[in-house]
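Peer 1: Taken from TrEMBL, the feature domain 'Phosphatidylserine Lipase ABHD16 N-terminal' applies to 4-142. Per TrEMBL, the feature compositional bias 'Basic and acidic residues' maps to 20-31. The transmembrane segment annotation in TrEMBL covers 50-74, 86-106. Residues annotated as domain 'AB hydrolase-1' in TrEMBL: 266-381.
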Amino acid sequence: MDRWMWLRCLFGPSLQRIHRSPDQTRTDGRPPRRGWNYQPRGLERHTDSILGWASVLWSLSYYSSPLLLCYLYRKGYICSSKLAPLSQYVGTALVCLIGVACLRGWGRWRNPEYVQFISILEETRRDHTPNNKKKLACFDFDFKHWPVDFSWKEVSSPKLSKGGVSLLRPEPKHRGAADSVLNSVRTLPCHILSYLIVHSFGRRMLYPGSLGLLQKAMRPMLQQGQARLVEEYDGQRNKLVACDGNEIDTMFVDRRKDGGQAGKTLVICCEGNAGFYEVGCMNTPLDGGYSVLGWNHPGFGGSTGVPLPQNEANAMDVVIQFAVHKLGFQLSDIIVYAWSIGGFTASWAVMSYPEIRALVLDASFDDLLPLALKVMPDSWRPLVTRTVRQYMNLNNAEQLCKYQGPVLLIRRTKDEIITTTGPEDIMSNRGNDLLLKLLQYRYPKVMTEDALRAVRQWLAAGTPIEEESVYTGYEVDDDWCLSVLQSYQTDRETLFPWSVGEDMTLEGRRQLALFLARKYMRNFETTHCTPLPISEFRPPWKL
């Protein structure tokens, strides 16, 4: 028995923290303690440190391998006479690391807290009951060892498509069969180069949060955020399996028992390209009393895979399925809230599940391509365009226009990330283009050239005083605009695009355009990465 327990400790996951039991509460309702970090004993601590440094060195070697190989080749080390001694050194190092791992297993075996944890983990794997899950939830450990809580297959049969859920694709160009073959041969080198760019530095530049070194550096902060969500908010961590096989790390905070109206609404949060639910935008709706479901991108935190658009959509799909079929929320009870690049999965969600109540996009953009062209050399423009459209086509505006429900856009007036020139040029903020494309699709008869000019003038206002000055300068009558829209909604079919404004005067269109712009977009005077206060988060305007 002891031998098997030592083997379990040897191959078991790293234990970071022991949370308080959810059943332990004070008479005043507050938790009696906040848990404690797991304290490994001397042997386990030292061996774990050695293995940790070995992991860091491996990561550095992996990312620098192209440069390292070039250097070794130039120095003449890539030959059999040089590689043979090197392989002996590598083999010796591996044997030493295996020995260190065995000593770490021994150290864990001598620690009662780790033995208790590994026993509960094995019991949960054998019998995944709610009671065992509650016991396991008292431990924070390496998430790849966490049992699966929900699978996409539980509610849907696997699709024939290998990729997974459907995405909007660029319109194919019409060519003859011979032209298509010749064009494919001619552009094959470009396709290969685009593929190499995306799967090497491209996706890592776009999603730096997927870098292992960054996650190691942020680990103390992420563990602290995880502890806060579990111990202060009774958060429930779950592992979901998407249709592509990726495991998605999620956190759910249930407020339905609190009795408030906000608690009956679920806010699904979609993080930015370096954001994690442990320290990300989940905190904003939590402060407002909402039930909240956060999740990490593929390759972020405990989630597996790589954050490519198809994998992102697959992950979002299983998160929504989990919210509906396992947590018991209706789609009409769900608000999707996204920050920055999370707008892609959020707009995909409302496009694919149009019954979702509302969408809030904070510091998001309309299309990735202009932002990608900003950071790459001009000579790369054709290659960047092809690469983005084929592999990283984050077409938020196109997906958003497929949704019929309420939308709120939050623009950061000092945003330095999604501007194409700089934060001082507010008109280069791609949130402006997101708003204009949405309004032009939903209200094409209103958004004429003169109306667009008025809205752009309003968007160019950098302060609330300037914004109000433009609004009052056009003498916008809010009551009149609201009555016009309500009258149209009552008399006609309400699906967008609307034909309201076709018989309206020029002045009326300008008023209505500015009224709609202010209803769909709110300004927040700050930079891109400032946390959104709850005072700025609210359900979108609904007619």
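Note that Cβ sites are derived from N, Cα and C of the backbone, with glycine treated the same way.
For each feature listed, report its degree of burial, its nearest neighbours and the pertinent distances within the displayed model.
Peer 2: The average pLDDT computed over the domain 'Phosphatidylserine Lipase ABHD16 N-terminal' (4-142) stands at 81.
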Peer 1: Who are the long-range neighbours of the transmembrane segment (50-74) in its own chain, taking Cβ under 8 Å and residues 6 or more past its ends?
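Peer 2: Hits for the transmembrane segment (50-74): 97, 100-101, 104, 212-213, 216.
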Peer 1: Which sequence-distant residues neighbour the transmembrane segment (86-106)? Criterion: at least 6 residues beyond either end, Cβ under 8 Å.
Peer 2: 6-7, 9-12, 43-44, 47-48, 50-51, 54, 77
Peer 1: How does the domain 'Phosphatidylserine Lipase ABHD16 N-terminal' (4-142) divide up by DSSP, counting helix, then strand, then coil residues?
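Peer 2: Looking at the domain 'Phosphatidylserine Lipase ABHD16 N-terminal' (4-142) with DSSP, the answer is 92 helix, 9 strand, 38 coil.
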Peer 1: What are the helix, strand and coil residue counts for the domain 'AB hydrolase-1' (266-381) according to DSSP?
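Peer 2: Taking each residue of the domain 'AB hydrolase-1' (266-381) in turn, the totals are 50 helix, 21 strand, 45 coil.
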